[in-house]
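Listed in TrEMBL for this protein:
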type: TRANSMEM; residues: 43-64; note: transmembrane segment
type: DOMAIN; residues: 51-434; note: domain 'Major facilitator superfamily (MFS) profile'
type: TRANSMEM; residues: 94-113; note: transmembrane segment
type: TRANSMEM; residues: 125-143; note: transmembrane segment
type: TRANSMEM; residues: 149-171; note: transmembrane segment
type: TRANSMEM; residues: 183-201; note: transmembrane segment
type: TRANSMEM; residues: 213-232; note: transmembrane segment
type: TRANSMEM; residues: 347-366; note: transmembrane segment
type: TRANSMEM; residues: 373-395; note: transmembrane segment
type: TRANSMEM; residues: 401-427; note: transmembrane segment
Amino acid sequence: MATQSSEPERPHLSFFGKTGKSFEEMDSAREGLLESNNPSDTYSLLSCILPFLFPALGGLLYGYDIGATSGATISLQSATLSGITWYNMSSVKVGLIVSGSLYGALIGSVMAFSIADFLGRRRELILSSLLYLIGALVTALAPNFPAMVIGRFVFGMGIGLAMHAAPMYIAETAPSQIRGRLISLKEFFIVLGMLLGYTVGSLEIGIISGWRYMYGTSVPIAIIMGVGMWWLPPSPRWLLLCAIQGKGSLPDTRETAICCLCRLRGQAIGDSAPEQIDEILAELSYADEGKQASLGEIFQGKCLKALTIGGGLVLFQQITGQPSVLYYAATILKSAGFSAASDATRVSILLGLLKLIMTGIAVLVVDKLGRRPLLLGGVTGIVISLFLLASYYTFLNNAPVLAVVALLLYVGCYQVSNFLVIFYYVLSSHMLFM
């Protein structure tokens with residue numbers, strides 16, 4: 001175990017400070033932030049699978065909703081395939097069905113601010129899985145339009161909570177050596193969920209009331225996620241943080257945290273669990289994370305810079321219209337010449353595969369090309385693709401190939417830039433809370 005000095009080195013605190021370091025210099029410190037090589041942090045790779053997998057299912061369900069909704073919107077509006085009498089919906093009603101989960105996700109994200117620290121990451125994910133389950137059931141069994149919108153809204157609340165709690169649980173329970181890789185891999189699960197949604201939509205588009213089955217497929221995944229999170233232990237870091245804040249006895253909580261860490265690491269941890277827990281306690285005490293901070297402190301000093309960078313990246317990431325483009329992917333393809341619903345949904349599968357491929361490419365070339373150039377290149381491609389897509393719907397509707405090319409270009413460029421936005425967001429989050 002490395003000895004700790006009275007003034008631990010914290011070189012990353014200057015990244016957003018007055019030193020004016022460039023993005024490239026910040027890139028070089030990525031390992032120090034997310035993957036510190038602590039020799040005492042022993043683990044077995046097998047023991048890390050389930051603590052990552054069950055939280056990551058929350059991201060998979062988010063991606064699945066995007067892919068499934070793409071096919072469900074076509075099924076819902078078909079006189080022969082919808083199996084309902086209220087299929088003749090206006091574009092506003094279809095938009096409410098599509099965006100219902102996004103409104104719910106917004107509310108879920110706001111809820112996370114007030115309940116996250118009270119519930120803890122594990123119970124927040126259990127609540128998320130319950131909302132996923134209820135939302136999927138209500139949507140799949142909806143007898144009318146209002147019930148369906150309510151189901152979509154409840155499902156979206158699960159998305160909002162899961163997208164907050166999943167990366168935190170993974171980051172707080174994963175070994176430091178692979179923490180950064182696992183956080184990045186969660187994004188892969190979102191893309192995998194989209195591919196699964198597009199695939200299920202293609203397989204069930206020809207079934208009467210196929211949209212019910214598309215949304216109903218979320219049910220078993222939500223159950224697995226909920227049961228898995230119920231079985232997993234709480235985050236040791238969260239337990240210790242609560243104790244430092246005066247919510248429980250510190251000695252008793254320390255013993256509980258040691259037991260939780262042993263469950264998370266398996267037999268490979270040996271006798272080093274108490275040592276690692278003491279290191280987490282020392283880190284929490286040094287960082288003063290137990291102190292109550294006022295809201296105004298977030299808008300001062302380095303916190304303001306970190307908040308601006310992290311919040312700005314996420315804001316502009318969503319303003320690019322990614323949810324709208326992907327939710328309506330099958331509809332766009334249908335209007336672009338793939339008139340048969342089955343053809344449009346099959347081509348949608350290619351979008352999911354393209355996202356997977358581009359995610360892999362981003363991981364492979366990011367260290368060679370640099371994060372900032374890759375991010376700027378991805379954003380440039382997004383701008384061009386959205387301009388082409390808008391041009392097709394405005395005055396070039398006699399060139400359907402333009403819509404297909406624009407859609408593929410958008411998906412590829414967005415996935416590259418999205419991977420990098422996650423990295424910079426995690427980096428700014430470290431600055432905000434360390």
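Counting starts with 1 at the first residue shown.
A Cβ is built for glycine as well, from the same backbone N, Cα and C atoms used for every other residue.
Annotations in TrEMBL come from automatic prediction, not curation.
Remote same-chain residues near the transmembrane segment (43-64) are listed as 121, 125, 128-129, 132, 158-159, 162-163, 165-167, 169-170, 173-175, 177-178, 182, 185-187, 189-197, 200, 217-218, 221-222, 224-225, 228-229, 232, 264-269 (criterion: CB distance under 8 Å, separation of at least six residues from the stretch ends).
Counting residues 6+ beyond its ends, the transmembrane segment (94-113) has Cβ neighbours under 8 Å at 65, 69, 73, 76-77, 124, 128, 131, 135, 145, 148-161, 163-165, 323-324, 327-328 in the same chain. Counting Cβ pairs under 8 Å to the transmembrane segment (125-143), the top-ranked stretch among 149-171, 213-232, 373-395 is 149-171. Within the chain carrying the transmembrane segment (213-232), a Cβ under 8 angstroms from the stretch's Cβ atoms is held by residues 50-51, 53-55, 57-58, 60-61, 64-65, 68-69, 71-72, 75, 122, 125-126, 128-130, 132-133, 135-137, 139-140, 151, 155, 158, 197, 200-201, 204, 207, 263-264, all 6 or more beyond its ends.
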